[in-house]
Amino acid sequence: MSIVVKNNILWVGQRDWEVRDFHGTEYKTLRGSSYNSYLIREEKNVLIDTVDHKFSREFVQNLRREIDLADLDYIVINHAEEDHAGALTELMMQIPDTPIYCTANAIDSINGHHHHPEWNFHVVKTGDTLDIGNGKQLIFVETPMLHWPDSMMTYLTGDAVLFSNDAFGQHYCDEHLFNDEVDQTELYEQCQRYYANILTPFSRLVTPKITEILGFNLPVEMIATSHGVVWRDNPTQIVEKYLEWAADYQEDRITIFYDTMSNNTRMMADAIAQGITEVDPQVAVKIFNVARSDKNDILTNVFRSKGVLVGTSTMNNVMMPKIAGLVEEMTGLRFRNKRASAFGSHGWSGGAVDRLSTRLQDAGFEMSLSLKAKWRPDIDALELCRQHGRDIARQWALSPLPVAEAATTPEPQDCACAAAAAADLGPMMQCSVCQWVYDPAKGEPNQDVQPGTPWSEVPDNFLCPECSLGKDVFDVLATEAK
């Protein structure tokens, strides 16, 4: 069934209430989606995009009810991905000579999917126009990497409608087409989820591209997206949101997510959260177990947050697989203006937290100190977790928090004595396999090696707490080997 968008513009797309996975299984479409295609009927008849390939036959059948396919003058493909151009093969079987207007990159993508280089392609660039009669034109604007190299937008003069492709859309299915007809809270949530999980890597391109489009000084009375609602009520509100989200966005929010084998890392997460809210009751704190939570919800919360704490148990001396996968996704999303800290519980070997810290730093996060607990955290260990949360709350505060009472400090002469004593303990030693460092001043209490024990007095049965290898793999720490 078609819907009148405005004047001679019809929506001829397809709702998909059942879809729950997008881009393979990488994006959960919990509210379904729609594949928006538009038919413009002026002196020339124009089709803007098609629908997902799984609805190809239905799409062509429905389009026949609106127009004799032979009367279709032009096809515009804003984006060659299969959820936009998937029905092209079915359609072109009926009208093989119809001109297709798209970017040069789109021709490569379309041929890669459909394998019909003989189709009647016409390459367009930013500023190119196509006269469709009745005093109206289509103006094309290339938008490479928002979010594919082939992407573009199309503007219809006279009606002042911007066919925006993936930008400003959302995976959101509703029987109503327009933004003022649907639940506003749901709509906003799905818009932000869409931006956070799909467009965040390209945030640096969003602002200049929007500025370029606004520079045309064209009125925009509607924004017709490729997924979700058409923006007709205050359509530029979503443009303003994109500019906000693209500008190193953060809220006063901290996200904690973790995976755990024996519930120990969960206990740490809860205690850290308690410490944060104890010091800063105003900050929003959300905790997710990655094994039981929607991945895209977690990533959306990370996008919204000023910082993230990531927890993992140690398995085979590395982090849990679901944590590793999610951190890899965060690396690809290239979040900006975020801080991070790693934490986790381990048994005989604890390499995961250090590995996780390195991965988070590689992903572009500004790192704070990490936190480890051996085995199941006891009362003292949980207090350390709460203190870690208190420290994080102060370090990550967007504005200064009330200063806590100062802790009692040792007398200066005591500090001097302690420093002198530390100097007599000999060098720190580093494991040549996993780079764990033995500090004589700290010892290794978990193996009954007390603080203040020089390396020469460490028992021969000592094992590296990270990789479980013996003393023979340790060397003097490079910074001290002079």
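Backbone N, Cα and C define each Cβ position, glycine as well.
Positions annotated as region 'Zinc metallo-hydrolase' by Swiss-Prot: 30-210.
The Fe cation 1 binding site annotation in Swiss-Prot covers HIS79, GLU81, HIS147, ASP166 and is backed by sequence analysis. Non-local contacts of HIS79 (Fe cation 1 binding site) by the CB criterion (under 8 A, 6+ apart in sequence, same chain) comprise ASP49, ALA85, ALA106, TRP148, ASP150, SER151, MET152, ASN165, ASP166, SER226.
Under a cutoff of 8 A between CB atoms, and with a sequence separation of 6+ in the same chain, the neighbours of ASP83 (Fe cation 2 binding site) are PHE22, SER33, TYR35, VAL51, ASP52, SER226, HIS227. According to Swiss-Prot, the feature Fe cation 2 binding site maps to ASP83, ASP166, HIS227.
Annotation comment: Swiss-Prot describes 254-393 as domain 'Flavodoxin-like', evidence class sequence analysis. Per-residue confidence over the domain 'Flavodoxin-like' (254-393) averages out at a pLDDT of 95.
For MET367 (FMN binding site), the same-chain residues 6+ apart in sequence whose C-beta sits under 8 angstroms from its C-beta are ARG339, ALA340, SER341, SER357, LEU360, GLN361. Residues or ranges marked as FMN binding site in Swiss-Prot: 260-264, 342-369.
Here Swiss-Prot flags 426-477 as domain 'Rubredoxin-like', drawing on sequence analysis.
Annotation comment: Swiss-Prot describes CYS431, CYS434, CYS464, CYS467 as Fe cation 3 binding site.
The Cβ centroid of ASP83, ASP166, HIS227 marks the Fe cation 2 site; residues of that chain outside this set whose Cβ lies within 8 Å of it are SER33, TYR35, ASN36, HIS79, GLU81, HIS84, ASN165, GLY169, HIS171, THR225, SER226, given in sequence order.
When Cβ atoms from all protein chains are considered, those within 10 Å of ASP166 (Fe cation 1 binding site) total 23, not counting its own. When the binding-site residues GLU81, CYS431, CYS464 are ranked by how far their Cα is from the Cα of THR260 (FMN binding site), CYS464 comes first. Within the group of binding-site residues (HIS147, HIS227), the Cβ with the highest number of other Cβ atoms inside 10 Å belongs to HIS227. Put simply, of the binding-site residues GLU81, HIS147, ALA342, GLY347, ASP362, the one whose Cα is nearest the Cα of CYS431 (Fe cation 3 binding site) is GLY347. There are 10 other Cβ atoms within 10 Å of the Cβ belonging to ASP362 (FMN binding site).
Residue environment of CYS431 (Fe cation 3 binding site) contains 19 other Cβ atoms, counted within 10 Å of its Cβ in all protein chains.
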